[in-house]
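As recorded in TrEMBL:
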type	residues	note
TRANSMEM	20-41	transmembrane segment
TRANSMEM	61-84	transmembrane segment
TRANSMEM	96-115	transmembrane segment
DISULFID	Cys153-Cys186	disulfide bond
DISULFID	Cys154-Cys170	disulfide bond
TRANSMEM	235-258	transmembrane segment
Amino acid sequence: MSGKHYKGPEVSCCIKYFIFGFNVIFWFLGIAFLGIGLWAWNEKGVLSNISSITDLGGFDPVWLFLVVGGVMFILGFAGCIGALRENTFLLKFFSVFLGIIFFLELTAGVLAFVFKDWIKDQLYFFINNNIRAYRDDIDLQNLIDFTQEYWQCCGAFGADDWNLNIYFNCTDSNASRERCGVPFSCCTKDPAEDVINTQCGYDARQKPEVDQQIVIYTKGCVPQFEKWLQDNLTIVAGIFIGIALLQVAGVPQAAVAAG
């Protein structure tokens, strides 16, 4: 008996390298997202002045890169090293962590379906809150411009939502040249024009609504997003099902490997 040593159950080679291959991609993607987020913060001087994180009134898109990158890095590290070293603790951590994420996604999906009107109200509040902070952060500004250009919309429910911004509101106290206007991303595009006219939204909301429709998009981004979801429901559902299947496949594989 003294010459024999107890050896735990061996992890199947197929399971081991499936988990390793699956997670090495996650790991590198997590590093890439974290790198992009930290680079963006460095460019904005946040890393040299950490207190400025709380100064922005709206949403900083960099947080999305950092949070997603952090989760992917931790998940990828645990799965990768756990499979390679056959470390049952890391494999169990990976399995539980992935299971929790899947459960949260499933719960969020059900709640979004049940409380559609509440979600719409929150989206409206979120967009308008960021309209107020439009000029405060270049990343937020680019995100709003991209959203309005891509979905051909303006504001949350219409161009008048830009009255919430201190530079675009129509009050007499506003001395800005952009008074009663909208950002250039609200402007309808002429395919013949190669150069973007950044002043195209000036005084746009002073015109009658019929004339506004010629110059700017008058539909809000919330209804346009809803329409986009309906038009692309198959693709969106396919992406979510694909992600869910990967997670469902990963949880039992890691659990089996962990013994």
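Backbone N, Cα and C atoms are what each Cβ position is placed from, and that goes for glycine too.
TrEMBL annotations: computationally assigned, not manually curated.
A map of TrEMBL features onto the structure.
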| residue | record | Cβ within 10 Å |
| --- | --- | --- |
| Cys153 | disulfide bond | 27 |
| Cys154 | disulfide bond | 29 |
| Cys170 | disulfide bond | 14 |
| Cys186 | disulfide bond | 27 |
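Taking CA atoms as the reference points, Cys170 (disulfide bond) and Cys153 (disulfide bond) are 20 Å apart. Here the transmembrane segment (61-84) has Cβ contacts under 8 Å with residues 11, 15-17, 19-20, 22-38, 40-41, 44, 46, 90-91, 93-94, 97-98, 101, 139-140, 142-143, 250, 254, 257-258 of the same chain, all six or more residues outside its ends.
Here the Cα atom of Cys186 (disulfide bond) is found 5 Å from that of Cys154 (disulfide bond).
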